[in-house]
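Novice: Annotations per TrEMBL:
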BINDING   Lys79, Asp103  Mn(2+) binding site
TRANSMEM  310-332  transmembrane segment
TRANSMEM  339-360  transmembrane segment
TRANSMEM  366-385  transmembrane segment
TRANSMEM  397-419  transmembrane segment
TRANSMEM  445-464  transmembrane segment
TRANSMEM  484-502  transmembrane segment
TRANSMEM  514-533  transmembrane segment
Amino acid sequence: MENQIQNAVKLGRISEEVRSKCKGFSQSDPNSSRRDHDTILQILIDGRNPNSGDVEGCVLPTLVYLAREKRPQHHHNFKAGAMNALIRVSSNISNGQVILNVDCDMYSNNSMAIRDVLCFFMDEEEGQEVAFVQFPQNFENMTKNDLYSNSLRVIYEVEFHGLDGYGGTLYVGSGCFHRRETLCGRKFIKGSKIDMKWEFNGQREESRIHELEENSRSLASCTFEENTQWGKEMGLKYGCPVEDVITGLSIQCRGWKSVYCNPSRKAFLGVAPTTLTQTLVQHKRWTEGNFQILLSKYSPAWYAHGKISFGLQLGYCCYCFWCSNSLATLFYSIVPSLYLLKGISLFPQVWSLWLIPFAYVIVSKYTGSFVEFLGCGGTILGWWNDQRIWLYKRTSSYLFAFIDTILNSLGYSDTAFIITSKVDDEDVSERYKKEVMEFGDSSPMFTVLATLAILNLYCFLGFLNKAISGEGIAEAYEKMPLQILLCGVLVLLNLPLYQALYLRKDKGKLPSSVAFKSMAFAVSACICFQYLYKKKSAIRTLRNCYYP
């Protein structure tokens, strides 16, 4: 199979040998391409036929291959469009009442998960209210200390359980079981009963299967959804990079509830990003999509008001505001360090009573975070990596997502669905196993991160130089304890970045172009700050002369 795929890539088309062997390919246009081809649909195994068994005689379930029609002149709506085509085609072939959505890089790790889901759906007291059951996304390739904090440990082990107590968790895509009717737009009616029985129709003839394929093929055509409610009131919603979250929210606003199921044996395992670029791109898509939901008509701030519980509403808003957190993080990553370089205090001095609220917030926040992380099965170094990625995401992914969303709202850019690549060469995989951070390209996100890292290092070293040669470390620490602490922590968090900029020789280091650009931007920022500060001081002096 691998050789056939590689040959097809080299040729730019499916070879005649492969086309003659595969029924689906033999029916397709030889000039078709990835984004321009007919619907390919084939029932590979008919589960209702008792003769369709494996080598041991066990009857196999129905297996259908579908590649929906794509044309350059028709928007295919990315993953949401593919899901909706699958929902329609499956309703015509098997029409199972429960739909499982699993990403292509994940596999089942717990066969009892289906039984657990059916227990929720068929519960006599509250089962009729459940629209979907969401399992956490877990990964098999995590390093010991979770280098890129991809496990989202606290979210899946703490926060989603909390949301579950307020009427249900979010629909986050992979590992989710749905009632078919809820995905097709059905509203919840209190007291209504949904029958979970499924009738077995027995053996189907070969001619009937062929007819079924022909009838179902039109359901996956480009024009089928025209002048219909698909993508609006039916199926997964279009126009948002996180089609799963906005679809789950709309289902809950129709009166349904959801369930978060997190068994000790993980239900599904997948592959996590193994480079920093992949991680940042993935989080940019997530945060951009959540922020778009906040600004859309489906915003949990007003659309969901009165339709879901207030606690769940706040939970949605919390994730939707991730994007705008970049502005505050950016401010605290730049301004206190620049003022530290000039020897100007922004926070209370060490002996001031006003320092107590700041100290309380810092100690309680990070102590609670540390204990929470360890309680979820993390390590001390894993918590430190989590703080680093927290900083990197908010000063790069979230910042770019915020800018793109604003530009999209003003009509200056279009929404794009960027697939996270998870295929790496052997060198990248080896560095990942050794927990060496992978940079390797000249992404604009890395330029921002490197600029902030160099700026903080320059300010911290400049402060130390002035403190040692001037008033002394003790006196400076008494005046600006929180600024020194903040700038020092930022420098420590950025140690892998300094190594990638100046010390590393492997392919995972940052390119020289990023190093030069970031140094130029950091020095320019310091010069501009000093110029503006001198200008402000001069204006203040003149004003005092005229108005003493």
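Any Cβ shown, glycine's included, is placed from N, Cα and C.
Bear in mind that TrEMBL entries carry predicted annotations, made automatically and left uncurated.
Help me picture where these features are in the structure shown.
Specialist: In sequence order, Gly173, Ser174, Gly270 are the residues of the chain that are 6 or more apart from Asp103 (Mn(2+) binding site) and have a CB within less than 8 Å of its CB.
Same-chain neighbours of the transmembrane segment (514-533): 334, 338, 341-342, 442, 446-447, 450-455, 458-459, 501-502, counting only residues six or more beyond its ends whose CB sits under 8 Å from a CB of the stretch.
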Novice: What same-chain residues lie close to the transmembrane segment (339-360): Cβ under 8 Å, and 6 or more beyond its ends?
Specialist: 458-460, 462-463, 466, 476-484, 487, 526, 529-530, 533
Novice: Under 8 Å between C-beta atoms and at least six residues away from its ends: which parts of the chain pack against the transmembrane segment (310-332)?
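Specialist: Counting only partners 6 or more residues beyond its ends, the transmembrane segment (310-332) has Cβ contacts under 8 Å with 159, 162-163, 165-168, 170, 245, 249, 252, 286-288, 290-291, 293-294, 299-301, 304, 391, 394-395, 398-399, 401-402, 405, 486.
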Novice: Please report the number of other Cβ atoms within 10 Å of the Cβ of Lys79 (Mn(2+) binding site).
Specialist: 18
